[in-house]
Amino acid sequence: MTQKPCKGPRLGVRHLQSFLLFLGLTVMHIARLNVSVAIVAMTNAATTNPNFPEYEWTEKQKSYILSSFYWGYILTLCPGSFLCRRYGAKVVLFVASCGTAVFSLMTPWCITWGGWQVFCAIRILQGLFQGVIFPCVTEHLAMWSPPEERNRLGAFSYTGTDCGTVLAMFISGMIAKGAMGWPGISYVSGSLCAAWCFLWLIFASNNATESRFVGEAECKYIESSLEHNEDFHDRTIPIPWRAIWTSVPSWPAVTRCAETYGLSTLQAEIPSYMNGVLNMEIQSNAVFSSLPFLAMWLLSYVYLIAADVLLKKKILSLTSVRKLFNTLSFWIPAAALIGIGFLSEENKNLAIVLMTVSVGVNSGATIGSSLNSIDLSPNHAGILIGLSNTVANVIPILTPLIAGEIVADKHNRGQWQIVFGLAAVIFFVGNVVFIIWGTAKAQPWDADDFLKPKDTETACEKPKNTPAEVAPPIDPVLEQQISWPERYTAKAIE
């Protein structure tokens, strides 16, 4: 009679960790993305609260501000992977959120003192702190997520990015219009990050064996499902750099670049497009700018349920699910982006619908390609996400600068057509790469002992000889009379 595998509680500490990651991504994305609405309020105070300073920044200067966050962000993506492996996700994410909170609270005073140049400097520093986030989130999920629950826990955690984007767009406009004005956007963001720090410090743990809240059954379920040895958390697994760089399934980092380009174009440019082409005021701009990301947040749960059904009923393999969802989340937005570029103020409602579809459907990329690093290598997931995100997040530096070069006049619809058309082409090509080379199978170089010398291992493990295999001893007198070549030959024959 086969023994049933150990199962943890339906709702346990692993779900709490996922919820904490969701909240963390939410508050840190609010702090990251509220600038796209804040910058409109700061340069057009008449549509918000005229009691606060207004700045006459050029479109190029605004593009520098929008991209500057990522100048610092890409510098700590790979170091973030190593920091997480060395100190654990708990400490590193705590420091990241604290740094984000401090610089958010400082932002209004610093801008008044130093203008757009200092604003860029603060955004760079915030980017340095937040660069460690996704390597830590991925590593934390790999430590807490049993394989059969990985889609569920991982996708739910990552929806914090969608929730944060919605709130960044939505509440920023209301705050700017209210009594706190545009400085209130930074104050609220900083306070939310600080509040999350306390929750994380109390309830987070690097793995199930370190948590004081997890029960024995759940701990055993998590550790046994991950097939960890007893000393797994006490040792460091060497990183197979050469194998990672030469592994074809790792190449679809190109796909991450494509998604980042399309999504960052929408995140950074939607408020300016709505204000310039559709002539929408800041508050309605903020509401409708947040609508696509609200759709993204809600549709992510639809994708999650659909993936669970397809996998549980074995309709599709995990690789097929990833490729299907990635195709939907890339190619539908590509078509919608092209359509958006041909719309004007008279087609305002249709433009909003297409933007909502474009961003909302893109949420499938989380189950499509974003979680693929954990599939390829649970042991090195943080390293993989650090490498791929380092490459991918060069893109958000470029997208506002490219848009700033193309859009000289924000009211010119033809210039916006180029911006959105370019994003559509990149979306299309990026998914083709994932369809050809993507896979959800764990790679051989993920093994704990992959870098262990195979010859040494074989030599150390002496096989036990059966009686038939034991050779008779050579007579000592005869052995002395045999020359070295003959003796070698005799032993070889034996």
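All positions are counted from 1 along the displayed chain.
Heads up, the Cβ atoms here are built off N, Cα and C, so glycines get one too.
Please treat TrEMBL annotations as automatic predictions, because they have not gone through curation.
Listed features, source TrEMBL:
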- 10-442: domain 'Major facilitator superfamily (MFS) profile' (DOMAIN)
- 20-43: transmembrane segment (TRANSMEM)
- 63-84: transmembrane segment (TRANSMEM)
- 91-109: transmembrane segment (TRANSMEM)
- 182-203: transmembrane segment (TRANSMEM)
- 286-304: transmembrane segment (TRANSMEM)
- 324-343: transmembrane segment (TRANSMEM)
- 350-371: transmembrane segment (TRANSMEM)
- 383-404: transmembrane segment (TRANSMEM)
- 416-437: transmembrane segment (TRANSMEM)
Is the count of Cβ pairs under 8 Å between the transmembrane segment (91-109) and the transmembrane segment (286-304), pairs 6 or more apart in sequence, 3 or more?
no
Averaged pLDDT score, the domain 'Major facilitator superfamily (MFS) profile' (10-442)
84
So, does the transmembrane segment (350-371) come close enough to the transmembrane segment (63-84) to give 3+ Cβ pairs below 8 Å, pairs being at least 6 apart in sequence?
no
For the transmembrane segment (383-404), distant same-chain residues with Cβ under 8 A (at least six beyond the ends):
59-60, 62-64, 66-67, 69-71, 73-74, 77-78, 80-81, 85, 131, 134-135, 138, 239, 244, 250, 253, 256-257, 259-261, 264-265, 268-269, 373, 376-377, 419, 422
